[in-house]
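Under the heading domain 'L-type lectin-like', Swiss-Prot lists 44-267, citing sequence analysis as support. Per Swiss-Prot, the feature Ca(2+) binding site maps to 152, 154, 156, 181. Positions annotated as disulfide bond by Swiss-Prot: 190-230. Residues or ranges marked as region 'Mediates interaction with RAB3GAP1, RAB3GAP2 and UBXN6' in Swiss-Prot (evidence: similarity to another entry): 499-510. The site 'Required for ER export' annotation in Swiss-Prot covers 501.
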């Protein structure tokens, strides 16, 4: 009975997965986004001299290899507490050597935890020409030359737009506007809550072909690759050589700002030769490392022999639990199909975010161009008419609305898939079937919205035609209305008189 139920679930997953892939191919097939993802990916090379990760993060003297910490930063074996949960604390950690990468990527894993509903002040990830060991900008120095990604948890300007992630660049001559949270200096931003999450928050910062992109994993799931788009800055010019760093600060309110890992990768464009490896170690160092390896290998063999002598009952037992049954294999395939659907939906959600960002930028630039042409050249011949430009702007707004609707629909689908992965034991089959039906309905909605979006885009140059007004219905005449009011009043007075007589007759018996 259980095997038939699993086969039924698997039969439902396969057509749903095919429908999802069909919808994705129709959406991304036109502009080449859905091509081979590995064709244009850059080559990634891990740079250990600009990275740290636990365990055994610190040495015996309390220092972190290749890094320098300052202020109230506290390194430990598995993390670096950049700023503790005490008032008015500042701390930072910086690479000792400068990085000379044309393109790079960093993955930072951190936690920001506190007992209050509101935190302060926040954490910052830096790439600057010089080290800012201590200062007023999230624990680092002001007037930096480079870029900073600020995880601001306190609302200084009172606009209720925090916690937020803000990208701010500087050429070494601009003071940070701390009172307004750098709103006038921000190149891009997004609102994400990164405090008190069940899992560590992960930030992926990519600088590739002069474009800075920030991806965020909010820490709601243990999936390390569950990133979503946050912000992007094009034509970003940063110093050719610089230091990577992390800083944090507290004010009247205090949070613990812990950095668990900082991983740096050098990126090389496809078609170019990857960077040359570092110089090989000398023969003397090789012999030293070989002796240490042999010593550790002998100790391991000795420990194995001691364990086998002390636990003879654990030897020679058959490992039957290693092999899975037919039912377990079918259930695993069902869950793998669900996970693939979940990942595809996440990918589509990220692409929709990026398209929405591009459309907003295009609409803003088009609106500015319309205002300039309307103010400077109102009577010039040969230009596009104001009505046609308004039609284009309205079409772009309609596209934005359709994309938002698709995004909401995909979010609802993700919620259903997450709930489907934990069905109840008693009514699991019925609830799972119901979830599949809901997911199919949402996928059809997304497909229909995409078709409408394509049709609206093709017909955007045509002039819109207003529909004809329906015939105006006949209204109630004044005479009929007066007659109706008089009849209703007479009936109401008669009812009151009848009720009074009944109450008077009832009082005679008492």
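Note: Cβ is positioned from N, Cα and C throughout, glycine not excepted.
Feature map: Swiss-Prot annotations on the structure.
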{"residue": "152", "record": "Ca(2+) binding site", "Cβ within 10 Å": "24"}
{"residue": "154", "record": "Ca(2+) binding site", "Cβ within 10 Å": "18"}
{"residue": "156", "record": "Ca(2+) binding site", "Cβ within 10 Å": "17"}
{"residue": "181", "record": "Ca(2+) binding site", "Cβ within 10 Å": "25"}
{"residue": "190", "record": "disulfide bond", "Cβ within 10 Å": "17"}
{"residue": "230", "record": "disulfide bond", "Cβ within 10 Å": "22"}
{"residue": "501", "record": "site 'Required for ER export'", "Cβ within 10 Å": "9"}
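Here residue 152 (Ca(2+) binding site) is compared against the recorded positions 190, 230, 501, and the shortest C-alpha distance is to 190. In this structure, the CA atom of residue 156 (Ca(2+) binding site) is 72 Å away from the CA atom of residue 501 (site 'Required for ER export'). Reported as a whole number, the C-alpha separation between residue 230 (disulfide bond) and residue 181 (Ca(2+) binding site) equals 18 Å.
The two recorded residues, residue 181 (Ca(2+) binding site) and residue 190 (disulfide bond), have Cα atoms 13 Å apart. Taking the mean position of the Cβ atoms of 152, 154, 156, 181 as the Ca(2+) site, the remaining residues of that chain whose Cβ falls within 8 Å of it are 121, 122, 153, 155, 157, 162, 164, 178.
Between the alpha carbons (Cα) of residue 190 (disulfide bond) and residue 154 (Ca(2+) binding site) lies a span of roughly 15 Å.
Residue 501 (site 'Required for ER export') falls within a helix when secondary structure is assigned with DSSP. This prediction places the mean pLDDT of the domain 'L-type lectin-like' (44-267) at 93. Under the DSSP three-state reduction, residue 156 (Ca(2+) binding site) is assigned to coil, being neither helix nor strand. You'll find the Cα of residue 154 (Ca(2+) binding site) roughly 72 Å from the Cα of residue 501 (site 'Required for ER export').
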